[in-house]
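Engineer: Structure provided below as structure tokens; questions to follow.
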Amino acid sequence: MLSAAMEYLRSCWGPASSPAGRPRKGSDAAGRQDGLLWYKDAGQLVAGEFSMAVVQANNLLEDHSQVESGPLSTTDPNLQGTLVGVYDGHGGPETARYINDHLFNHLRGFASEHKCMSADVIRKAFRATEEGFFSVVSSQWSMRPQLAAVGSCCLVGVICAGNLYIANLGDSRAVLGRLVKGTGEVLAMQLSAEHNASFEEVRRELQAAHPDDPHIVVLKHNVWRVKGIIQITRSIGDVYLKKPEFNREPLHSKFRLQETFRRPLLSSEPAIVVHQLQTTDQFIIFASDGLWEHISNQEAVDLVQHNPRNGIARRLVKAAMQQAAKKREMRYSDLKKIDRGVRRHFHDDITVVVVFFDSNAITTANWSRPSVSLRGGGVTLPANSLAPFSVPT
């Protein structure tokens, strides 16, 4: 029983750890670890390059992420492309890890069935992932009722046949860097919609969907929340706010609502944008809200534009942490010494993936490049054993 429990805990951290649970410093193919930072400074994709980094703040890393590049179909080798996923969990890592394990396989299955990539394929992959996690919660309800209160934001980008598909639940963000030919500037263009009750239009959407509930959104401690509980209005998981049969005992009382509900309080329907890539589209930044809490869209784009590609995701993480330290009137070097768990009081888990577009391969993928299947994160250090992490100069 103990060994099974240890295996479960180990799986929460992802594949970037060694079998013995020691941090992996080498192996560029699988990424590197340095203290609470995991990073992959550079890699090749079907139609471009990427840089990826994750820094942990929570005691258990709740951000999960992946980059998949190569065949997007199980039956058609000519359907090539890239998927980037950023899954910002809340209440625990289980939902984010489940998405990491299942969404891409669902997407490949539906792409094979439809013989193409489309918004409908992505929507079906989201729905199948949501339904699969519901099944897990239902099967473990009597033993692990707390799974009903775990959820995750879900940001997915798919690059295929000259199109960029952005699908989102929650408040992670995808920001495009687009060149302005006349001036040479690179401007930020946010492609993802955010689902957070802090936005008035999101609150109006909720109120319109629940006209019989005057308390669907509540201002609590100066923060707007759905039923006074959660800021996110769309997610995978959070079954206790979507199905009333899971908002009762044996779920802990702090998650249970006093009144029942007839319709799901949160949605799992992704907002999807289809963007036809242009030669002026330089790169796109995918990141959890841990980055955007500290850096604006344009600041992030400027940083990417004016620095080397190699290690740029790490550089963005550093910039966010520097701002977090500044807000608390402390030195960045001191913030790096704070261990996971306590670190969450200063900043959230942060995941960043930057994809650079190869303009020559936007419409014709470079199939000679090897397939990529990479997951971010994987820090498995014992408490109080940090080593400083480095940032490219």
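For all residues, glycine too, the Cβ spot is worked out from N, Cα and C.
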Engineer: In Swiss-Prot, Asp88, Asp289 are given as binding Mn(2+) 2, so which of Asp34, Asp238, Asp348, Asp358 is in that site too?
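Structural biologist: When Swiss-Prot describes the Mn(2+) 2 site, the candidate it includes is Asp348.
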Engineer: Given the binding-site residues Asp88, Asp289, Asp348, and counting only Cβ atoms in the protein chains shown, which has the most within 10 Å of its Cβ?
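Structural biologist: Counting Cβ neighbours within 10 Å, the top one is Asp88.
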Engineer: For the C-alpha pair, I'd like the distance in angstrom between Asp348 (Mn(2+) 2 binding site) and Gly89 (Mn(2+) 1 binding site), rounded off.
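Structural biologist: Roughly 11 Å, rounded to the nearest whole number.
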Engineer: Cβ distance under 8 Å to Gly89 (Mn(2+) 1 binding site), same chain, sequence separation 6 or more: which residues?
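Structural biologist: In sequence order, Glu62, Asp63, His64, Thr95, Ala96, Arg97, Val150, Gly151, Ser152, Cys153 meet the Cβ cut-off.
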Engineer: Can you tell me the mean pLDDT for the domain 'PPM-type phosphatase' (49-357)?
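Structural biologist: Mean per-residue confidence for the domain 'PPM-type phosphatase' (49-357): 96 out of 100.
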